[in-house]
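Single-structure report; data block below.
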Amino acid sequence: MTAPVPAGDRVAAEQWFLRFGLPSVLTPRARWRRLWWRSAPALTALATVAVAVRIVTVASGGGYIDIDNDPTPAEWLIVAILVVVLPLAGAAAWWTSRIATRRGRRIALGASLLVFAVVDAAAGKPAAILAEVLSTAAAVAAVLLFNGSGAGSVVGWSIRLTLSHLKSVGALFTRALPVLLLTVLVFFNGPVWSMATTIGRGRLWLLIGFMVVLAGMFLCTGVVERVRPMLSAHAVRDVDVTRLEDTPFAALPDPAEGTDAPLSRGERANVVFVVAVSQFVQIAAVAAVTSVIFLIMGLLALTPQLLTRLTVDGSWQGTWMGMTLPIPQALIHVSMFLGALTFMYVSARSVGDGEYRKQFLDPLIDDLRAVLVARNRYRGYVTRLHRGL
């Protein structure tokens, strides 16, 4: 949980809170400090995506992408880019985040901005270049705003936490197998395929959004129940002191009993949000894997005759991200729907799953208890600093 940083360094303390997803402890000014340095990983990932989009645009000739059953080399290139772009962007962000020196971050940041400039210049005509520059500027501004508000630190910490707890994600997926077996029956259910054939993509996204909102309500209800005792606890445990060794707070004293500043509403909401987002990311990973499994199963199982019976002469082509692919549209819709259904089921199950709480939620709450102890020490230090003590 903790990382070795110089003790007593206020800047390091602020970065520590941001790294572990609790920006509400800091003042707005502190959240906006060193913003470009902190945004370098996200901008590197964004630059990687920009390069991929430009290559796809050049390979498609700037026109509509329509891939049939006999793809050309250019279309195979487009498919390959779509498969690897997100892993490459994630790897670029991870590599940049590992750079600890200011000089290294500046080089990575400068390289990202240079890539944006080259990609925008490759648009060709002046009007197209201007449009690309404006869209790039808007994207960069959105990244800076996202990180400056503190939301980026919460999401980044949740992703790192999920990657470090892949074992619990696998266990969660294993416990979701019963619903997978049940949804196999749904997969070959005629009315579901009829819905998938006739429903539009926009209406399907509305349905999925509604299901995600319901799942979010399940998650938040369980999270509030689990974190309420932690939010009201004031005693400092020995394990909390141990967790704060080799951090900026190791040498800071704990506030005297009854003198620590109570958690503000924003800080309480931050703690609940951190736990909820962490669970959300884990369960979303399980749902995404489920969708891919059903998509592959459909590609293997669907014959022209079976597709005709399930969809009443449905098309063998579908659209994704504005491209026409040789994948039945109904199969894409069914896979999306079953992924959302899995997300709902696992969200509801995780609330009362004792094994999941033991493997993931309880260690997460213990880590947050240590973060709140660090918060009390930090607030006491800032108060003494302002009083000149």
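Along the chain as shown, the residues are counted starting at 1.
Here the Cβ of each residue, glycine as well, is placed from N, Cα and C on the backbone.
According to TrEMBL:
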TRANSMEM  35-56  transmembrane segment
TRANSMEM  76-95  transmembrane segment
TRANSMEM  107-131  transmembrane segment
TRANSMEM  137-159  transmembrane segment
TRANSMEM  171-192  transmembrane segment
TRANSMEM  204-224  transmembrane segment
TRANSMEM  271-302  transmembrane segment
TRANSMEM  330-348  transmembrane segment
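Here the transmembrane segment (271-302) has long-range neighbours at 21-22, 154-155, 157-159, 161-162, 165, 168-169, 172-173, 176, 180, 183, 187, 215-216, 219-220, 223-224, 226-227, 230-231, 263, 310, 327-328, 331-332, 334-336, 338-340, 342-343, 346-347, 350, 360-361, 364-365, 368, 372, meaning same-chain residues at least 6 beyond its ends whose C-beta is under 8 angstroms from one of its own. Two recorded stretches are said to be in contact when at least 3 C-beta pairs lie under 8 angstroms, sequence spacing 6 or more; the transmembrane segment (137-159) and the transmembrane segment (35-56) meet this definition.
Stretch with the most C-beta contacts under 8 angstroms to the transmembrane segment (107-131), considering only 35-56, 76-95, 204-224: 35-56.
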